Amino acid sequence: MRELSLTSRRIHPLQSIWLFLVAAAFVLAQTLSAAAQSRPDTFADLAEKVSPAVVNITTSTTIATNTQPGPIVPEGSPFEDFFNDFMDRNGQGPNGPGMPGGPQRSQALGSGFVISEDGYIVTNNHVIQGADEVMIEFFEGFDLEAKVVGTDPNTDLALLKVDSDKPLRFVAWGDSEASRVGDWVMAMGNPLGQGFSVSAGIVSARGRALSGSYDDFIQTDAAINRGNSGGPLFNLNGEVIGINTAILSPNGGSIGIGFAMSSRVAEKVVSQLKEFGETRRGWLGVRIQDVDEDLADGLGLEEARGALITDVPEGPAAEAGLQAGDVILSFDSVEVDDTRGLVRQVAETDIGKEVRVLIFRDGKTETLRVTLGRREEAERAVPAAVTTTEPETSDIMGLTVSNMSDELREQLGLPEDTEGLVVSDVAEDSEAYEKGLRAGDLITEAGQEKIATVAELQSRIDEAKEAGRKSLLLLVRREGEPRFVALSLEES
């Protein structure tokens, strides 16, 4: 009988490579699995940990009304005195609470969370706005009245304060910038008055904007309903990365599209409310718009990015030498992609700080130094300079434009020193109409140079064509509000 060899066999080189690849793939799979955020078996431990810091909020507001219905019993009836005495004894007289003509009490519900053991509480501004009384219900079962420390309608945030005989349980801020789409999150609050409710979901998107200049919302599919407003959105470490603020819904109930203001924005706002009772945002002092492909071509930029200045009222930017038509490419050594990012960055910069602003002007870059003011003290734009012109009308680029005249100034209600070309008609099949130009608009610049006559506009068109430009940049004002519009030169 042949004996089986127990000694090692020699392995072929190709077989060795194959075994190595299999082992490497296994190790990689294990590494990725460990790195990925796995779904917890339960959220119970997390909920138990943070629940004592989450609160229900009930607000009361007194509403006066002068509506008086007719008497229930006819005036002069023998039962009139008896009826009035009965209503007065039961607190339902004509001026009693809850009766027409008397004060009405309105209640609203919301959520919040404690951020310090000495009783500071964060919620939404719309939860407590206009309230006469704000009551806080804690997880342990006791109630305390809160006072409003400060509010910020721009981010819909509010800071409250309660006085407690004992230290309160609180939660810490987390880093919303570290959260990723797909991460697990947990929302807590008081939906529809069902206090201390928990829902879980994932981060559906980041950086959402709804309507405000400083919006930076986390979108989540965790159930958020009426009453959840002001409540916390937690990461799996039990840190607050968002404040539940709004939902997108056709019926007022959760359909899995909720929005929480990021902790990146909220933490700084709350810190200022705590220190000053109000926000103190940096102010550059410019009006700006995004740079699209047409504008980039009209400006001579290689790519569509940055923030295009449309107006420079009196303020820090004007003092530093920034001008309408400049494109801000970086602010305080941070690249500017669009207006939204610049507005947020300026607002978050300390008042009085000197920053370096890189701009694109006349085909080249330049760095200016600007000392920021306070946004709350921003001033309105100043009127344009004076130029006298002869009346003239012409059709250019789908626009019927006229030189300014005293008669037109009077018809349009413009100041006596207003200059530029007045748009009297816009062809509906033109690019100008598609881009929003309308009769009554005022064109004050073309090719980043002031214009006062049709001849000057035509000259700017000819110069742009000679320079090989595909579009011409116009500065258009409507009811005093400026914006840049790039129109194709093919229609000129």
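Cβ coordinates come from backbone N, Cα and C, glycine included.
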TrEMBL has H126, G227, N228, S229 binding substrate. Which one of D152, D156, D163 is in the same site?
D156
Specify the count of other C-beta atoms within 10 Å of the C-beta of H126 (substrate binding site).
18
As a quick check of your reading of DSSP, tell me how many residues in the domain 'PDZ' (273-338) are helical, how many are strand and how many are coil.
16 helix, 18 strand, 32 coil
If you count Cβ atoms within 10 Å of the Cβ of S229 (substrate binding site), leaving out that atom itself, what do you get?
27
For substrate, whose listed binding residues are H126, D156, G227, N228, S229, the greatest C-alpha pairwise distance in Å:
15
Three states by DSSP: which one describes H126 (substrate binding site)?
helix
What is the number of other Cβ atoms found within 10 Å of the Cβ of N228 (substrate binding site)?
31
